[in-house]
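Okay, handing you the structure first.
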């Protein structure tokens, strides 16, 4: 039995392996199940062990991606218990058993039914078992074995990104690292060269290079990349397996490399000379023109600063940089004058504020250009010889006195003549005037320094040929003081002297003021008026400091003899001519307490005989006031009596019934007659009121001036009488009738409505028709009744 087992093992080792392309050195012979872990860990040592009832088979290898039409043969399982009589049955279980792998249960041959992919699953672990067909019991213990899938080169390298992006400064040093790319190959890196990848550049040379194994993109030797030539470079990288040999698979990716700018280009003017024009009237800050230098760089490396470095107009012009357009704006710095200089030449420089020292070898990063500025002549207004004039004049100067003069001339080459005038808005009172030809200023009114010290006026100079060209200058005129005002008391002085005053006692200190303002200051002198100097009860003491004191001349004063003294004081100044005035000081004689405080300044004879106290006087005054108030109230109540209306009848129907209790005229008949109309004989006739119709609105009487001649009133009344005589609709309001008494001998009986009711049938009213148009309505009323009755 031992000899048989050994022979069978040698037979399997010596057989060629039909399903594996692995060299013999890589194959392993059969091994016991207990040693399979060593085979899985990579131990290729063949170990032969003799054991009772043990499996005998090889480690199986299988190529991936089999393309044949038949099942792919894997290997054969065999047990030493198999007698070849078909009594044993082989069973396969584990990874892919029955699906990917099938076994011939009689022979133990294993086959693969589908194409296998190592990248999906490189190793399959299965379990084999042999059972007795008759008993169904295993004749050998179940053991595991493996099937390894041999790799073929069926996967190309794949980059981790489809597109890479990177940046690198332009003008970078040779060999500067740019970016690292990575590609992976799914094939087995331990088997052959299927997963050995090398890199190369298909597009992007000669600006970039790639290390075949380190996959680092660098700038190549001998080339400087410039952004100005190409801002973005698209580099195509290829990764190829099989170590780059023919037949290897490859994959590509694109690397977009953007160049960042560095300041390696200086600014350059497109032309060397510029010329601009500007009028001489351009104020400071006026832009004249723009210049622009170009810079091939971008961003802050393209920023340009402009400056004036030389030229005749270095202090007349300025240049500023427009940050948005990177242009240099030339502006006026000082006022220009065509008559002084017509052309200016400037040297303008453009430079980069951000310069990298490592590029200084390329040359200076600045450029210059010449700018020529032509000043154009403008018709300018006249120019005064001074910015302001200050003149002086004495306040006692006579009218037409010349104060001074102003001078202005046309600055243009034509030298147009100029006329002068005073702006009357600054001299509303027309105190000053000016000679329009020579600019002499003279007075037109008298001056008063005390009223106004300074006069601020404006003088206008205008070109005669072009009145639109004019200029103004302020003129300040100071009025010099003349001693034309006399000093006077600083305030109204009223003082008192005690009855028991002693001689030479000071009772009042006097002060004076003067509207004048002498150069040496005020110096006033005080004295009594000549008419009061002799026999005066008081004296004046001049303190020599513009003050004086009033002193008593005697001992004791009697207020019953003289209660008030009027003391005339003469005040004089020391200027030329000397001015003086007289002021009166009122001195009352009063009773004083021992300390000199005033108690009373009234004579006792005026109040003692009455014997009335202050309370009694107040009571008397209060009674008088109450009596006056009572009288006033009584008079007001008398005026508040009720006024009776002119017409009180509720049956005031003017077309049929006349209210005869209205006497007409009188003070209260304001609606029936407007007395104001009599005072205006020329009143409009159309505005008169209809007296047979109740007025719809209340017309207020108009106040008109009284006629200067009574003839007008008489003519107006006659005209009114004539109008009423001819007006059939006007009742006889102008006549005065007393209806309460009809009189004796009247043809008509009483017109009372009560009596008419009883006697209406016995009356004949035909005579009313003979009374004229005024009684026409009555005739129609009563005459018509009779007619109806007769009918």
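Here the Cβ of each residue, glycine as well, is placed from N, Cα and C on the backbone.
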Give the range, chosen from 616-637, 638-659, 660-681, 682-703, that TrEMBL lists as transmembrane segment.
616-637
Looking at 260-289, 290-319, 320-349, 350-379, I want to know which stretch TrEMBL calls region 'Disordered'.
260-289
Restricting to the domain 'Cadherin' (79-159), what is the model's mean pLDDT?
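Per the prediction, mean pLDDT sits at 87 for the domain 'Cadherin' (79-159).
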Can you break down the compositional bias 'Polar residues' (270-280) into helix, strand and coil residue counts using DSSP?
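Secondary-structure breakdown of the compositional bias 'Polar residues' (270-280): 0 helix, 7 strand, 4 coil.
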Checking distant contacts: for the compositional bias 'Polar residues' (270-280), what same-chain residues at least six beyond its ends satisfy Cβ-Cβ under 8 A?
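For the compositional bias 'Polar residues' (270-280), the far contacts come to 286, 288-289, 291-294, 330, 332, 336-338, 348, 369-378, 380.
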Kindly report the helix/strand/coil residue split of the domain 'Cadherin' (385-489) according to DSSP, in that order.
0 helix, 47 strand, 58 coil
